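Let me give you the structure first, and then I'll get to my questions.
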Amino acid sequence: MPMSLDTHYLEKQLLALLAIPSPSLHTAAIADHLADELTRLGVVTRRTARGDLLAEAPGGAARRAITAHMDTLGAMVVRLKDNGRLAVRPIGSWNARFADGARVKLHDEVGEVLATGTLLPIKASGHVYNEAVDRLPADWAHIELRLDLVETAPAALREQGIEVGALVSVDSQPSVTESGFVNARHLDNKAAIACLLAAIRAVGLPDDVRLVFSCAEELGVGISHVMFDGIDEVLNLDIAAQGEGQNVCHHGVTIAMLDSLGPLHPVATRRLIALCREQQIPFTRDCFPYYYCDGDAAAKAGLDVRNALACFGADASHGWERVHRDSLLALSRLVSAWLPAPQG
């Protein structure tokens, strides 16, 4: 393990990232945070027209890339209801079951917070609706946003700047346990970013590596040509989802062999496996049945790159996610080993 791999820094960055709302394409604030931190680490950053953040060592000539998406799930207001609640639709793919009870913030078009609130089923009280609460379908048509405002009639909401199209960000509400677990929403993918920052702080950023923080992975359009221009090999960092039939490494790294697009590139993947063995990093290999990563969008677009995918292991992806510190440390160690290793 690199002696300079700072676990306190890793956790501090994770909590800072979790505190910044960043639903897909609404990532300017988290990009600002990352740009400031990377500048402190001696890395030069720039942004794409869409809002993705790219970073390289000064004067670098990148042939490899690491990508970790900075966008998260969220929602958007689609209707102001006569009962003072707001109808919403999801940003990204997440089940309405996990929306039930979520604390949220409502933002205007420039990101300022207009109000806080709670996502609730349209029949939320057993004292009023009895068994009808249990019979309510678990879908977004039956979810509404209750705002923490006194005046909530549609006309009053419009006077307060609340309109159709207002952004809803979901509070992460992180909790760190004495047993080493981090429970939070949006560990996908802020945990991977924290691991990457810890690795850069430990070993630096080589001249031949570009960092790519995409802003629309949860929409399925993570990577474009401009981000991977000149790149041969991509290390995707993301979440591995625990569940029946999966082979996730809860206290180490999960290396993906196959996702919904097909196999990850064997050469790039073998390199990860070899590094884990060489550095004695605990790992497993797994195949993901309903899963796309940033690099898949590049592959579907026809870019000539070798994709590999390394993940921290977590439970309840796209819901109330949970990861153990050991898995975050293991992923940081793998990235720290991958960065200075030549492609070969």
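Backbone N, Cα and C define each Cβ position, glycine as well.
When I checked TrEMBL for this same protein, it listed these features:
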- Glu217: active site, proton acceptor (ACT_SITE)
- His69, Asp188, Asp238: Zn(2+) 1 binding site (BINDING)
- Asp188, Glu218: Zn(2+) 2 binding site (BINDING)
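In terms of burial and nearby residues, how do these features look in this structure?
For Glu217 (active site, proton acceptor), the count of additional Cβ atoms within 10 Å of its Cβ stands at 28 [all protein chains shown]. DSSP assigns Glu217 (active site, proton acceptor) to a helix in the three-state reduction.
Mapped onto three states, the DSSP output places Asp238 (Zn(2+) 1 binding site) in strand.
Cβ neighbour count for Glu218 (Zn(2+) 2 binding site): 26 (other Cβ atoms within 10 Å of its Cβ, all protein chains included).
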Considering Cα atoms only, can you say which of His69, Asp188, Asp238 is the nearest neighbour of Glu217 (active site, proton acceptor) among these binding-site residues?
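For Glu217 (active site, proton acceptor), the closest Cα among His69, Asp188, Asp238 is found at His69.
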Three states by DSSP: which one describes His69 (Zn(2+) 1 binding site)?
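Going by the DSSP assignment, His69 (Zn(2+) 1 binding site) belongs to neither helix nor strand, so it counts as coil.
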Roughly how many Å separate the Cα of His69 (Zn(2+) 1 binding site) from that of Glu218 (Zn(2+) 2 binding site), to the nearest whole number?
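For His69 (Zn(2+) 1 binding site) versus Glu218 (Zn(2+) 2 binding site), the Cα atoms are 8 Å apart.
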What's the CA to CA span in angstrom from Asp238 (Zn(2+) 1 binding site) over to Glu218 (Zn(2+) 2 binding site)?
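Counting only the Cα atoms, the answer is 11 Å.
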Around the Zn(2+) 1 site recorded as His69, Asp188, Asp238, what other same-chain residues have a C-beta within 8 angstroms of the site's C-beta center?
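After dropping the recorded site residues, what remains is Ala68, Asn189, Ala192, Glu217, Glu218, Leu237, Ile239, Cys293, Asp294.
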